[in-house]
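Input: a single structure, listed below in structure tokens.
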Amino acid sequence: MVRKLSFSHHNQNRLFLLVIFCSFAYTAYLLAFSGFITSFKIELRHNYGSQVKKNDIFSNGKYQDISYPLNASPKYKFLRDANLQASRHLPDALIIGVKKSGTRALLEFIKLHPSVQAPSSEMHFFDKNYARGIKWYRNQMPLTLEGQMTMEKTPSYFVTKRVPSRVKKMNPYVKLVVVVRDPVTRAVSDYTQSASKKSPALRKSFADLLYLNGTNVVNTRWGIVRIGLYARYLDAWLRYFPLDQFIFISGETLIVDPAAEMRRLQDFLGLKAIITEKHFYFNITKGFPCLMKSETVATPHCLGKNKGRAHPKVDGSILDRLRQFYRPFNLRFYQMTGIDFGWYKDGH
């Protein structure tokens, strides 16, 4: 009898301890689960709940001043369902030049590709804003998703002495895009843009600026002339990067057959050839190709009103003299790139 009572008392103690343990475990579970839910909500709110600009997700330059709750966007569902997060990265490719050769058109065309994102303005980081630091530069880049690449365009990079070494420090494997054009027509175009910003009283003629002191000697100190010395600038870049990291786009071909140059560029960048003839139409009035309506272009449109600006009439003898001046530099550039751009087929 005593043994039986002792056994029951022992069982009661064990049962009591078991109840206490289970109660403690259940309370701990509830606290842990509550903490998990709280942290989950915080993280979700941090990633997706804030207000952002449309071009912070897919930058196309059209919606810079429009903000809205991200979770009200149709792209929110895509990001959420795909479990993708956007982030900013330094450029994988740079359009480094050349001014007045078609760099803006090229950037607008390649941005049709869903795998390419680029800021809408020129950053001038490697020539004018380098002191701001690499973190500042990265923060200027658009948000990209995994599988997308970042590009940036500043045409003055090609002709600025310190830029090649600075670019290599950022990324020794960056892809470099150079748009070139007949340096004579490029010079006239550059002069036209420069003159349009000055009052008529302060404008000098193309000939007055081209020649030194009324002679027949070309003024190589004139920046507009110097930019056309492509071989000299390429030589400086080749001290830091191999030729296979460059692609040279013909500004002339970009006008008459943009799809052909875009095929070359997409291949160079390792992108699927999505941009084709169907994306372009030629505007006879402007003399430039324009963009058709597509997945990334809401309505057909051409480049800005300054594109295709009428050039002033320059005497043929002056243009011939400039062709003669550029000829040896052009031939050297052909040799360096392995490309005959077809300038001066008329025998000059």
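Every residue number used here counts from 1 along the chain in the order it is shown.
Keep in mind that glycine also has a Cβ here, set from the backbone N, Cα and C atoms.
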Regarding the disulphide bond with CYS290, report which of CYS22, CYS302 TrEMBL records as its partner.
CYS302
Provide the three-state secondary structure of ARG104 (3'-phosphoadenylyl sulfate binding site) computed with DSSP.
helix
Which ones in the same chain are close to GLY102 (3'-phosphoadenylyl sulfate binding site), with CB under 8 Å and 6+ residues apart in sequence?
VAL179, ARG181, ILE249, GLY251, LEU254, ILE255
For LYS100 (active site, for sulfotransferase activity), find which of the recorded positions SER189, CYS290, CYS302 come within 10 Å, Cα to Cα.
SER189
C-alpha of SER189 (3'-phosphoadenylyl sulfate binding site) to C-alpha of CYS302 (disulfide bond): distance in Å?
19
If you measure ARG104 (3'-phosphoadenylyl sulfate binding site) to CYS302 (disulfide bond) at Cα, how many Å is it?
12
